[in-house]
Amino acid sequence: MWEKMETKTIVYDLDTSGGLMEQIQALLAPPKTDEAEKRSRKPEKESRRSGRATNHDSCDSCKEGGDLLCCDHCPAAFHLQCCNPPLSEEMLPPGEWMCHRCTVRRKKREQKKELGHVNGLVDKSSKRTTSPSSDTDLLDRPASKTELKAIAHARILERRASRPGTPTSNASTETPTSEHNDVDEDIVDVDEEPVAAEPDYVQPQLRRPFELLIAAAMERNPTQFQLPNELTCTTALPGSSKRRRKEETTGKNVKRTQHELDHNGLVPLPVKVCFTCNRSCRVAPLIQCDYCPLLFHMDCLEPPLTAMPLGRWMCPNHIEHVVLNQKNLTLSNRCQVFDRFQDTISQHVVKVDFLNRIHKKHPPNRRVLQSVKRRSLKVPDAIKSQYQFPPPLIAPAAIRDGELICSGVPEESQTHLLNSEHLATQAEQQEWLCSVVALQCSILKHLSAKQMPSPWDSEQTEKADIKPVIVTDSSITTSLQTADKAPLPSHYPLSCPSAVSTQNSLGCSPPHQPPTLEDISCSSCVEKSKKAPCGTANGPVNTEIKANGPHLYSSPTDSTDPRRLPGANTPLPGLTHRQGWPRPLTPPSAGGLQNHVGIIVKTENATGPSSCPQRSLVPVPSLPPSIPSSCASIENTSTLHRKTVQSQIGPSSTESRPLGSPPNATRVLTPPQAAGDSILATGANQRFCSPAPSSDGKVSPGTLSIGSALTVPSFPANSTAMVDLTNSLRAFMDVNGEIEINMLDEKLIKFLALQRVHQLFPSRVQASPGNVGTHPLASGGHHPEVQRKEVQARAVFCPLLGLGGAVNMCYRTLYIGTGADMDVCLTNYGHCNYVSGKHACIFYDENTKHYELLNYSEHGTTVDNVLYSCDFSEKTPPTPPSSIVAKVQSVIRRRRHQKQDEEPSEEAAMMSSQAQGPQRRPCNCKASSSSLIGGSGAGWEGTALLHHGSYIKLGCLQFVFSITEFATKQPKGDASLLQDGVLAEKLSLKPHQGPVLRSNSVP
């Protein structure tokens, strides 16, 4: 029964191993971040063999990655080309590969085994291979002398056998990069440790001191050379490369904490702002300084940056910028300066250092920046002597020898200027005018007081050569004044001194006495200065002007009606105006010289009408006493005759020229000369041809051209032969004004016939060598083709002493000297002992567009008061020759002296520029110009720059260089505007005003 009442045990299916608290805590726990799990995770590497598990990922030699060949016995890895010896893919072994170090050690172990068998130490050698400490045990136990010698000898053999057959690479050991190799060597090369413990036994067996080092180096793997750490620059200088994180190099945007920068320079919260503008990175990316916590925008920097810096960047708040920017600092100095300023600087130290500096008694010199030195040039001794001993000054450029030098009409660019801007003041003009009038009056008084020369001899005229001659403005004035000394009546109103000479030339001889020259006023000429200004009487010049190119003297004609003088049935023949002369065109040269082309008269007339009309050499009938000799009456008669001449020649170019325009001619300035000089020869008026007589044998005196009247035999202008010739022509005139040829004198007929022969045969007269200075009479009218082929003159070389003629420079060069082949032969201009055969040369430089003079003479040439001569200074000797050269020169010099002593003495023939023969004639030179050089004797051998009006002196011969383009500059403008009187007056220079000289461009 009790068995029935026994209860059964209840079994519950519950897990009693643990409670539910862990699960409850896991459900109630906060969420976990994944960063810890990611960081804790490590990539599982593949299981590799133990031998290759420690191989390096980069080459042990060059420390670069790539395809590497791994050693099977050590962790070393190499490129195929970095192995020792280098390998190729075909040379790779099929089985295991050992590096050079492992190969050497394997051979070493094998040799040790063989050596142990030889010496009967097989057991010990076997133990040595099994136990790494066998060598130490061997040394600890006592050994005999024979055993020690055997061991030492074995070590030497091992080192010799360990040398491979091929040499190692050029690289040596490298301390910081061979850490793995050193560890492996310590593990594997334990058997080498006893070598250091027994140096006494090894050293006596070594033959060379570095044999042990070489043996150790031969066992190492090849490595590239690198400086040790103590020699390498470890200072982080600005601009050096810095290590980047792997995320930056791979470009992965890794999530970082909020206080760090991302790789784009954007700064999340907490906000960091720019040090300059205090704005965040939302404006622009910020740049973090690598040496301080400051940040900057790229645009806030000075100067602003265009890109983010790649290396280390230092902000401008550091003092190192001032010190490190110096160019003379080396790398070691930069590192020292950078390390010095790395720590914080004490303000107290700065103050004390400043006080010590300012209280120093002898402060150090400041570093002064060396300024860039200009290129220095050594001043020649010739220029120094020129400033030390200046020559005497020449006359002013505006007035020379009492004659005004004008520069022509201003250019178009200067026409807008008023007359007062480029002319003298009114007071200066009045003073200049009074001086010119007083000068002319004194010249007339001097010339009128001279004695009249002897009359013309008719017999000498027949034998002498008949050459066409004409008188210029300056020479006619003085020559006609001395022709007739008859006084003028006191009641004649004379307008200017030129009227005296004009009336005297006309043959007037009233009984009354003339007034004094001081009482003569020039008021009428001043009033009519625009039409007929008074010119200066410079006197005749005995020269033959040699023309070089076509120069046509053309000017406007007056529009006044022809007037006849009261009491005379015919107009005054031969009275012409200067502006009516046509400019002659010269034929080719006739002397064999390139610059001696022809003959031309060049006058100084820069403004329209010329001076009072005393222009004719042909005498006219005497005037009645009641006729007033004024400039206007004579001007009208000259205009009448000029119109008559132009009607014979044909259409003239002078009709088309507006009134007031100056003639396009070359002006040559000649100084005043004595009254006894001969007449200036020219061919200016020889272009006019006298017509053939009519069928009835009568010729009208009005049809006689200027050329026929002026082309007379070369006799003095002041003789009475011309007056007699004119009177004989008037005696045979009939009532109608025609001349009966049958009634003419025989001499007059011969003269007219000879003139006609010159007109008909110009080529024969021109080709004759004696007529170089002459000019054909009709070449201008009969040979227009020749005129077009002629060359116009570039410049004129004019003498100042009255001898010789002016030479035109029509080509680029002009040679001056006493030689026969010179363009300007100085013997024609006077005698001087200090001139050379080839004295100087004038040439035109295309680069500088200027004329230049080059001196060849040892006497020198003075240009514009500056001496240009040869350099006679002692030249510095070159470097002394070597001993061998000096000995050879001494032998040659000694041999030359011996030959001179053996030869008979003869007079040494010397070449000299001075003429050999009779004694030289004296000249006006006191000494050669080269004597004016300073004591050093260094003359200036450069070229002289020539301008318009440059003064040239060759010895005692004086010349003036004139540029034709400068003297003939024409105003550019419309012809209709030039006809306006007001504008023409502004553009033209008045003759009584002193113009200001201006430089002009060279042609």
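Keep in mind that glycine also has a Cβ here, set from the backbone N, Cα and C atoms.
The Zn(2+) 1 binding site annotation in Swiss-Prot covers Cys59, Ser61, Cys62, His79, Cys82.
Sequence annotations record features per position, and here Swiss-Prot assigns phosphoserine to Ser131 (among others) based on a large-scale study or a structure entry.
Taken from Swiss-Prot, the feature phosphoserine covers Ser134 (among others), and the record attributes it to similarity to another entry.
If you look up Swiss-Prot, you'll see 165-178 (among others) marked as compositional bias 'Polar residues'.
Summarising the annotation, Swiss-Prot assigns Zn(2+) 3 binding site to Cys274, Cys277, His297, Cys300 and lists similarity to another entry as the type of evidence. In this structure, Cys300 (Zn(2+) 3 binding site) belongs to neither helix nor strand by DSSP; it is coil. Its Cβ taken as reference, Cys300 (Zn(2+) 3 binding site) is surrounded by 18 other Cβ atoms within 10 Å in the chains shown.
Annotation source Swiss-Prot lists phosphoserine at Ser555 (among others).
Taken from Swiss-Prot, the feature phosphothreonine applies to Thr557 (among others).
Taken from Swiss-Prot, the feature phosphothreonine covers Thr570 (among others), and the record attributes it to similarity to another entry.
Annotated compositional bias 'Polar residues' per Swiss-Prot: 641-656 (among others), in sequence order.
According to Swiss-Prot, the phosphothreonine annotation covers Thr670 (among others).
The domain 'FHA' annotation in Swiss-Prot covers 814-868 and rests on sequence analysis. The helix, strand and coil residue counts that DSSP assigns across the domain 'FHA' (814-868) are 4 helix, 24 strand, 27 coil.
If you look up Swiss-Prot, you'll see 907-916 marked as compositional bias 'Low complexity'.
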Does anything in the same chain, at least 6 positions from Cys274 (Zn(2+) 3 binding site), have a Cβ under 8 Å from its Cβ, and if so what? Ser280, Val283, Leu286, Leu295, Phe296, His297, Cys300
Between Cys62, Cys277, which of the binding-site residues has the fewest other CB atoms within 10 angstroms in the structure shown? Cys277
List, in sequence order, the residues of the same chain other than Cys59, Ser61, Cys62, His79, Cys82 whose Cβ lies within 8 Å of the centroid of the Cβ atoms of the recorded Zn(2+) 1 site. Asp60, Lys63, Glu64, Phe78, Gln81, Pro222, Gln224
Distance between Cys59 (Zn(2+) 1 binding site) and Cys277 (Zn(2+) 3 binding site) at the Cα atoms, whole Å? 50
Tell me the coarse DSSP state (helix, strand, coil) of Cys62 (Zn(2+) 1 binding site). coil
What is the average pLDDT across the domain 'FHA' (814-868)? 90
Check: same-chain CB within 8 A of Zn(2+) 3 site center, minus Cys274, Cys277, His297, Cys300: Phe275, Thr276, Asn278, Arg279, Val283, Ala284, Leu286, Phe296, Asp299
Of the binding-site residues listed here (Cys62, His79, Cys82), which is spatially closest to Cys277 (Zn(2+) 3 binding site) when Cα positions are compared? Cys62
